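Read through the structure below, which is laid out as structure tokens, and then see the notes.
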Number of protein chains: 2
Amino acid sequence: MKFNFTDLLTDHVSQERLARLISALAEIGKSDGDGVNRQALTPQDVAARKFLAEVAAGCGCEVYRDEAANVFFRRAGTTDGPPVVTGSHIDSQPTGGKFDGAYGVCAGLEMMAALNDAGVVTELPLEVAIWTNEEGCRFAPGSMGSAAFVQPELLSTFRESADSTGLRFGEALDDAANALQFIPLLPLNRPFSAFVEAHIEQGPVLEREGKTLGVVSGIQGVRWFRISVRGQTSHAGTTPREFRKDAVLVATELVQQAYAAANESDADLRLTVGRFEVSPGATNTIADGVTFTIDLRHPSDDVLDDFEARFRSWTRRQSACSISLEELMRHKPTPFSEKVRATVAEAAEQCGEPWRELLSGAFHDSMYLAEHCPTGMLFIPSKDGLSHHPAELSAPDELAWGAKALTLAMYRLANPSLDVAGQ
Amino acid sequence: MKFNFTDLLTDHVSQERLARLISALAEIGKSDGDGVNRQALTPQDVAARKFLAEVAAGCGCEVYRDEAANVFFRRAGTTDGPPVVTGSHIDSQPTGGKFDGAYGVCAGLEMMAALNDAGVVTELPLEVAIWTNEEGCRFAPGSMGSAAFVQPELLSTFRESADSTGLRFGEALDDAANALQFIPLLPLNRPFSAFVEAHIEQGPVLEREGKTLGVVSGIQGVRWFRISVRGQTSHAGTTPREFRKDAVLVATELVQQAYAAANESDADLRLTVGRFEVSPGATNTIADGVTFTIDLRHPSDDVLDDFEARFRSWTRRQSACSISLEELMRHKPTPFSEKVRATVAEAAEQCGEPWRELLSGAFHDSMYLAEHCPTGMLFIPSKDGLSHHPAELSAPDELAWGAKALTLAMYRLANPSLDVAGQ
């Protein structure tokens with residue numbers, strides 16, 4: 001049989017109910033205008049978990065949590081096999097919007113409600129996960145919840161990470177556990193049959209090409225570097241050119257060289273210098289220090305290796321200043337499971353909406369889940385490619401199409417006997 | 001006669017007494033190690049004025065102040081003509097040293113003491129001035145005291161300038177006036193016969209060339225600009241190259257272009273980009289804003305005009321970002337009085353130490369005094385060209401040679417009958 005339930009399932013996904021849930025969630029931590037400031041493990045984040053747990057319980061789900069404050073809503077299957085899991089995160093950037101992360105959790109809950117309304121039970125249990133601290137803006141690094149779920153030995157290190165007030169992640173976790181103690185605990189790293197994350201694209205590709213759905217083939221590799229240039233302060237007016245050790249002169253030359261090389265490299269190479277800090281930072285003082293960052297991304301480790309080697313060689317050349325380079329982060333490209341990609345693609349096709357395959361330029365919790373079980377992602381368009389911004393927006397029908405495709409894909413993955421039946 | 005008193009005068013300048021005074025003054029506002037933090041009109045600055053007033057009174061000087069909290073120590077002449085004035089400032093940068101400004105005041109007081117010891121009286125009165133807020137780091141702009149002395153109408157605007165705590169310069173002036181009310185007031189803009197300022201070079205030229213003394217021919221012209229580049233934030237990972245409006249990319253290109261053009265320009269053109277601020281300043285966010293400053297200096301207005309016109313044309317060209325340019329400050333080159341230059345040069349020659357003529361790259365109170373009366377400056381070497389730094393240093397014998405040359409030049413200027421006598 002060929003997804004006999006397609007219309008039954010998609011007809012029960014409600015655009016209005018989904019929009020209401022997203023709006024209600026956005027009230028918790030609401031900031032200026034349409035913005036959301038709901039950073040990880042703040043009172044707002046904990047309150048949002050309680051609110052969603054009530055919604056899930058109203059859908060007949062069991063609610064669980066783990067030691068990383070990840071929360072799970074489970075809808076029982078006809079068997080007790082490892083669950084098929086969807087979800088995302090509900091923490092936001094300080095100046096975030098309503099959709100980044102929150103959409104994936106709300107779409108999962110809409111799936112639960114649609115399956116209830118359709119009277120459909122799956123073979124394997126279904127779960128919606130809320131992963132803790134994906135954004136990493138309050139406690140670095142990001143994606144602590146999904147990373148600790150997959151590699152529980154990371155948790156003790158994460159617990160030491162402090163926010164800007166000095167409060168440690170471990171203390172915030174303990175406070176959250178206290179507030180959520182009514183929810184039973186499950187172990188970290190328990191088996192999943194598959195994981196599918198719905199998310200806004202956070203880029204302009206789907207909108208530009210008029211696609212409603214994006215089937216994500218993987219997450220590109222990323223490397224972060226911090227480059228420090230050390231010169232010597234001296235007076236802007238009194239120091240002849242040949243005596244200057246001007247860190248701004250040397251650092252801007254490196255930045256321009258990197259941009260020029262990226263521009264001549266593969267079109268998918270993405271280079272960003274997002275921080276550039278000058279000391280002492282006075283108009284009439286030659287700077288003795290610049291620290292800048294490089295964010296480098298590409299789907300191929302070979303391309304990244306090549307660019308990194310060239311850039312490192314430039315930092316070693318003769319200069320009036322000393323230059324040092326420190327690697328801050330490195331993630332290999334993450335290809336997603338072929339089976340999950342194919343299932344999500346088939347669900348998109350069944351929706352009858354235009355879709356394309358694309359790579360994720362951003363990190364997601366799926367980067368860690370891919371080490372744990374067959375994993376994939378589904379994108380919907382972001383207006384103007386905006387995210388981490390109060391104006392981030394996906395249209396109501398796009399939100400609903402994403403939930404429909406998600407429901408179809410999750411249904412398929414949670415019914416392994418459909419494969420045996422030759423589909 | 002040809003400075004008959006040369007040896008008499010220089011023999012009475014005491015290297016030890018001068019060093020003791022500089023050290024004692026540096027105790028007021030002393031910071032880490034050898035540093036001084038004595039910002040304008042702080043309690044430390046006011047305490048330093050009281051201390052120096054006691055020293056001056058001990059030398060038999062009358063003490064005066066004016067409405068800009070400038071303080072003057074007067075040694076009577078045989079006539080009551082307009083005084084010949086020396087001096088500088090005693091306020092410092094937050095991380096300043098012992099010599100910038102303070103040296104000129106201390107050298108002036110050493111001159112007073114040496115003339116007393118030599119039993120010499122000049123025709124015109126001599127004064128040592130302490131000019132208020134030369135540094136401009138607490139209240140902008142700098143050189144308020146000398147500027148207001150020369151153009152009293154500026155004072156009401158200066159009074160509105162606020163420090164980082166919101167306290168206005170006018171309130172700080174009133175507090176200082178209260179603390180110094182025992183000192184009689186003199187009017188702003190009263191006539192001077194001449195002004196000579198002794199100062200550390202704050203640059204490397206004298207030390208590099210083994211010169212003990214520098215006769216300053218003028219102050220180079222300076223222009224400050226603030227350039228703002230506006231792009232659009234977007235995600236470093238998800239935004240393809242052709243969609244980017246990266247303010248760092250555009251700003252670093254402008255900075256590099258400016259440095260390259262300066263390098264090909266006249267060797268005396270000095271270009272400094274000392275501030276470069278990025279918003280929002282996150283590693284994985286394309287920057288929507290960069291603001292950077294340009295400090296441009298040269299002895300010729302024509303060279304400055306030419307460079308400015310070229311730079312302005314670059315800010316108007318097509319770009320992914322919008323670029324705006326704002327002029328923050330403009331000072332024409334200040335040539336010093338031929339007569340004062342010749343007098344200071346003769347004094348340097350009489351000292352028998354190696355000297356050269358040079359331009360001042362930095363501003364000084366003399367820039368304003370030059371509009372008021374025949375003005376000149378005398379430099380002594382700065383070790384490694386350092387200033388605005390706890391390690392700024394001039395050797396004890398250099399400090400003394402500067403005070404000797406200053407004493408000879410002031411003596412000459414305060415005895416106009418020596419000119420009539422055909423010298």
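Cβ coordinates are placed from backbone N, Cα and C, and glycine is handled just like the others.
According to TrEMBL, the feature Zn(2+) 1 binding site maps to B:H89, B:D100, B:H199. Following the DSSP three-state reduction, the secondary structure of B:D100 (Zn(2+) 1 binding site) is coil.
Non-local contacts of B:E135 (Zn(2+) 2 binding site) by the CB criterion (under 8 A, 6+ apart in sequence, same chain) comprise B:Q39, B:A40, B:H89, B:D91, B:S92, B:Q93, B:G96, B:G101, B:G142. Annotation comment: TrEMBL describes B:D100, B:E135, B:H388 as Zn(2+) 2 binding site.
The domain 'Peptidase M20 dimerisation' annotation in TrEMBL covers B:218-316.
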Original post:
How big is the gap, in Å, between the Cα of B:H388 (Zn(2+) 2 binding site) and that of B:D100 (Zn(2+) 1 binding site), rounded to a whole number?
Top reply: 7
Subject >> Extra residues within 8 Å (Cβ to Cβ centroid of B:H89, B:D100, B:H199), Zn(2+) 1 >> reply: B:S88, B:F99, B:G101, B:A102, B:Y103, B:G104, B:E134, B:I200, B:H364
Original post:
What binding-site residues from B:D100, B:H199, B:H388 have a chain A Cβ less than 8 Å from their own Cβ?
Top reply: B:H388
**OP:** Compile a sequence-ordered list of residues in the same chain as B:H199 (Zn(2+) 1 binding site), six or more apart from it, whose Cβ lies below 8 A from its Cβ; state 'none' when nothing qualifies.
**Re:** B:S88, B:D100, B:G101, B:Y103, B:G104, B:H364, B:M377, B:L378, B:F379, B:I380
Original post:
In the same chain, outside B:D100, B:E135, B:H388, whose C-beta lies within 8 angstroms of the Cβ mean position for the Zn(2+) 2 site?
Top reply: B:S92, B:Q93, B:G96, B:G97, B:G101, B:E134, B:C137, B:S387
Original post:
How does the model score the domain 'Peptidase M20 dimerisation' (B:218-316) in terms of mean pLDDT?
Top reply: 95
